[in-house]
Amino acid sequence: MAARLRLVAGNLLKACGLLGCLYLFICSLDVLSSAFQLLGSRLAGDIFRDNVVLSNPMAGLVIGVLVTALVQSSSTSSSIVVSMVAAKLLTVRASVPIIMGVNVGTSITSTLVSMAQSGDRDEFQRAFSGSAVHGIFNWLTTLVMLPLESATALLERVSELALGAASLEPGAQVPDILKVLTKPLTHLIVQLDSDVIVGSITDNATTSSLIKQWCSSTGQPTKGNSSDCGDSGPCEDRNGTAPADRLPCQHLFAGTELTDLAVGFILLAGSLLVLCSCLVLIVKLLNSVLRGRVAQAVKTIINAEFPFPLGWLSGYLALLVGAGLTFVLQSSSVLTAAIVPLMGVGVISLDRAYPLLLGSNIGTTTTALLAALASPAERILSALQVALIHFFFNLAGILLWYPVPALRLPIQLARHFAAVTARYRWVAGAYLLLGFLLLPLAVFGLSLAGATVLAAVGGPLVGLVLLVILVTILQRRRPAWLPARLRSWAWLPIWLHSLEPWDRLVTRCCPCKACSPSQATTKEAHCYENPEVLTSQQL
């Protein structure tokens, strides 16, 4: 009896610890988003104000990726686009590539979360496959829809038809369920005025601080600050006389003399520390709880399939569940960041996580639709059209890459990419830097020189990449169709067709050999990749 009580008490404590870590994890994501907004809002405003560059679809796409990666919030990026369209600073057609880039940039959060599980090879492979499948889906959808939209304006026309057929009822309110739980803690740390980002684009008010200083007498934040901050110095008027109808905000950085950049770095370091710590604790608690029959029961329930011949409905049910959870949580980042650790411990399979992640893309657009209905009367049409474009873009991606099992390329590519990343773990960092920073910056820099320069430099490179992909596929599927010399890449220098030389270089440059796999991991990888060795071992 005493042993059973200890077991029940232990499980209860683990459940409470798991819920507490999950709460702090979600709050740290909110603070992390605030930190990135403080660090990148100025650059985001400068980028969005360059209307000449935004007229180029490729430039608009990479700007959406860069800005969403900078502010770590697709809703903030979308609100900027909506405000620019409503203020006639941006046409609806020019906003479509930016919305696509926003959709791509939001997948960076799940990639960062998966890297916290890089200590274990198998867990990291499963977790990274979940984050990679989300990013690959968004990139593949963009690669198909961007040329189609540039040629036919399909999404713009469909959104116009849907807008014309709908009966508008302004004033709908967005549910605020998750924020009600996180605000008591996050608002004690920092409060930001997101309208300053939009105002810096529409009104050129670039000197206001994002950190809110004055709140209303009811304790709720008011729009706008009573002080202005310079770009290179501390705020001089933050501690001035309070207006008669306002009270100072009660958060950690209220009345601080630090610049937005300094506060952003402090919040970034603290939120990343809390996020990684909570994630490690969540994984360890899940590993201790989900063992034996409990783990098998949870896996069976989550990955259950409908009986034949209705098995195909299971994925669509998971898609609806993902959309519903995202709508309730009001954040696709929170849902994807929660799914990735569960994939790492083996609770959710990649095949089941795929429709959940696609549903999260749909769920975040429904929240944007409700937010557009709450817009002022003079902005509601443009706000709704941008939100509808976002919705139809994600819906087109689902129709492309989900109904036909043979076309679920993101799953196959994510599995292969995760296997490579699990063996060479530095590839995850390279993927983050190249996919979300360096390549977008390079395309943006070329777009500044004009569309002709971008086409002259980017066209041959894209053609070369497509040719290499085609030859590689033929090497594996139809080698007889290729000349003898092209049936393998062995005639190229080894650093052009193998990651081994790059791995030795990274391992040699990495301090304390932190990037090199342990001897046990190397041996395990050797067994995984050599079936002859594996079958020769005794069971």
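Cβ atoms are placed via backbone N, Cα and C, with glycine included.
Residues 94-116 are the range that TrEMBL records as transmembrane segment, among 94-116, 140-162. Here the transmembrane segment (380-404) does not lie next to the transmembrane segment (12-39) in space: the count of CB pairs under 8 Å, restricted to residues six or more apart, is fewer than 3.
When the stretches 12-39, 94-116, 316-342, 424-447, 453-474 are ranked by Cβ pairs under 8 Å to the transmembrane segment (261-283), first place goes to 12-39. Spatially, the transmembrane segment (316-342) is adjacent to the transmembrane segment (12-39); three or more Cβ-Cβ distances between them are under 8 Å for residues at least 6 apart in sequence.
Through the fold, the transmembrane segment (94-116) approaches residues 29, 54-55, 57-69, 72, 74, 77-78, 81, 84-85, 124, 127-128, 130-132, 134-135, 138-139, 141-142, 145-146, 149, 155-156, 275-276, 279-280, 332-333, 336-337, 339-341, 344, 361, 364, 386, 389-390, 393-394, 428-429, 431-432, 436 of its own chain, all at least 6 residues removed from its boundaries and within a Cβ separation under 8 Å.
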